[in-house]
Amino acid sequence: MTRIDDTFARLKVEGKKAFVSYVMAGDPNYEKSLEIVKGLPAAGVDIIELGLPFTDPMADGSTIQLAGQRALEAGQTLEKTLEMVRSFRETDDTTPIVMMGYYNPIYSRGVDKFLQDAKDVGIDGLIIVDLPPEEDEELCIPAQKAGLNFIRLATPTTDEKRLPTVLRNTSGFVYYVSITGITGAAEAQAADVAPEVARIKSDTDLPVIVGFGVKTPETAEAIAGVADGTVVGSAIVQKIADDAPVADVLSFVKSLAEGAHRA
Amino acid sequence: MANDLFNSFMTGPDETGRFGKFGGRFVSETLMPLILSLEDEYEKAKTDDSFWAEMNDLWTNYVGRPSPMYFAERLTAHLGGAQIYMKRDELNHTGAHKINNVLGQIILARRMGKTRIIAETGAGQHGVATATVCAKFGLKCVVYMGAHDVERQAPNVFRMRLLGAEVIPVTSGRGTLKDAMNDALRDWVTNVRDTFYCIGTVAGPHPYPAMVRDFQAIIGKEAKAQLEEQIGRLPDTLIAAIGGGSNAMGLFFPFLDDKEVEIIGVEAGGKGVNAKMEHCASLTGGRPGVLHGNRTYLLQDDDGQILEGFSISAGLDYPGIGPEHAWLHEIGRAKYVAITDAEALEAFQLCCEQEGIIPALEPSHALAHVMKIAPDLPKDHVICMNMCGRGDKDIFTVAKALGFEMNTGA
Ligand SMILES: Cc1ncc(COP(=O)(O)O)c(C=O)c1O
């Protein structure tokens with residue numbers, strides 16, 4: 001059982017959907033980013049997705065591209081992102097942290113060393129956008145062996161034939177990408193998402209969380225209502241881009257969490 | 001025979017799209033199904049005579065192939081050593097080798113029922129070739145081009161617009177080829193159902209590196225036959241410039257198993273391959289990493305963040321290189337060197353003066369390496385370099401570098 005499994009078990013008992021928030025590690029700088037991350041659980045966040053900055057985020061829209069750029073300019077590195085998690089874990093040993101990003105910074109550090117460090121600091125899962133099932137040998141299988149969840153993206157283009165391949169080595173939860181597109185794009189539509197979630201759930205017992213295109217408490221509620229939970233990223237990151245004080249960022253997160261938890 | 005096959009350098013990639021450890025399919029799940037169906041379609045086309053009949057017809061009657069094999073007599077005499085032959089792909093319709101590959105991909109796109117074509121471009125030559133073939137077939141065409149390149153390759157931007165393409169300047173990063181490729185990939189993820197991504201070089205996820213190589217290999221096949229006819233033997237050395245590596249792979253591939261042929265790829269050395277990283281020499285100054293769908297040598301920092309390259313030539317200004325080159329480099333079948341902006345400019349001028357050929361800045365890099373090695377080689381040594389593009393697009397950049405005022409003509 002990982003912290004992710006524990007969290008879904010707790011939510012099930014409470015009869016609640018999961019609210020997952022995404023922020024970029026180190027955006028706009030290390031200190032403010034850490035303060036925001038430390039405040040997320042109290043704002044109602046069930047699972048924290050922490051973006052790993054990368055110069056070439058090819059699946060991200062401009063909001064998250066710019067967040068990565070701000071973080072890198074402020075000196076964020078993979079090393080510092082691991083340090084952030086270590087610091088977070090000093091006061092919170094229950095909220096799961098999933099690192100989301102691209103493969104190259106991890107490959108550059110060395111997969112074995114990275115997995116050891118990730119486990120040590122208290123990271124629970126990985127979402128690596130540019131590692132499809134065809135590349136499972138690279139990181140997915142070593143990560144599972146190291147006791148980390150490897151969370152796969154399923155998308156509207158993942159057809160019946162391919163779905164079992166996508167689900168095969170996934171663990172923790174399945175992340176359904178609500179649109180064909182990049183982060184920060186069009187609003188997700190609950191009516192489109194519902195049958196897709198049902199399709200995935202007929203093939204797996206894992207929780208299905210839906211992200212991309214969720215920006216408001218209302219959409220969070222609607223989307224969480226047809227899945228096991230929902231993710232908000234760009235809308236929160238935009239508050240940080242607008243230089244909102246930490247308290248304002250967290251109160252916006254709270255409104256989103258309440259939306260998702262109403263579902 | 002089994003032993004011959006075992007020793008062949010021409011059997012890659014394997015079923016996971018790898019050349020040694022390089023290559024692969026590092027893309028998001030949204031694109032994966034499409035990439036698999038492209039691979040299927042390409043595998044079918046490869047052995048389909050009607051596909052190659054269509055290609056050959058267009059290569060002959062639209063592009064103007066075969067391109068000549070030209071003995072550069074005055075340049076040879078001037079340098080005083082090895083004989084220099086030029087494979088004249090700059091004479092192709094649209095002025096570079098890029099169209100060889102575009103035709104193949106657009107025919108595939110049509111077979112797959114895709115109606116919208118996207119492309120990235122650096123120097124604009126691939127963008128122009130894509131816009132051209134789209135105009136010919138009546139397909140919608142969108143070209144991503146770094147904002148910095150839009151500026152330094154203005155004639156090609158206007159050409160693309162005339163041909164009916166939409167050119168989207170990309171402002172992220174430093175506004176060069178890498179950034180254009182990021183935005184093209186973002187467009188593709190968004191419009192995956194009706195859109196075909198026509199990649200301009202031997203990079204990207206499998207099957208692109210192999211497919212683009214196969215389409216460009218017409219260069220090397222012709223070169224082999226033409227040299228056989230003109231000199232009755234294989235050349236001693238092949239030299240080509242490398243951005244992503246498509247013109248080079250096209251020339252090199254048919255010669256890979258001719259082990260007596262020396263193969264040299266020329267990367268862009270920018271201001272010099274040094275600690276300041278103001279260059280684009282991925283093999284000379286980079287290390288293995290994963291970007292744009294494949295594992296290859298990349299310019300990157302200690303944290304695995306990709307660095308912006310630097311080169312006077314927009315077509316070579318890319319921090320990576322095709323995975324097959326990374327493999328040929330590691331196994332030592334090909335050798336890779338770097339040429340600086342200054343050396344390329346000098347070669348550019350010499351080629352104009354000695355041969356009456358205005359070369360593109362990209363092959364000027366290859367030519368600069370020819371100038372370096374030819375004088376010390378014996379007179380019966382034959383070098384074949386790939387003159388893969390003409391320099392019309394570069395005259396503004398070169399004028400600026402040489403301090404010539406275009407507006408006043410002084
Ligand atoms: C004339 C010419 N040569 C070379 C290149 C570099 O590409 P590649 O290395 O794929 O041949 C370009 C790219 O724009 C080009 O226009």
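Residue numbering: from 1, along the chain as shown.
Each Cβ is built from the backbone N, Cα and C atoms, and glycine gets one as well.
Annotated active site, proton acceptor per TrEMBL: A:E49, A:D60, in sequence order.
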Cβ contacts of A:D60 (active site, proton acceptor) (under 8 Å, same chain, 6 or more positions away): A:G68, A:I182, A:T183, A:G184
A:D60 (active site, proton acceptor): secondary structure state under DSSP, collapsed to three categories: coil
Neighbourhood of A:E49 (active site, proton acceptor) by C-beta distance under 8 A, where only residues 6 or more apart in the same chain count: A:V20, A:S21, A:Y22, A:V23, A:I97, A:V98, A:M99, A:M100, A:I127, A:V231, A:G233
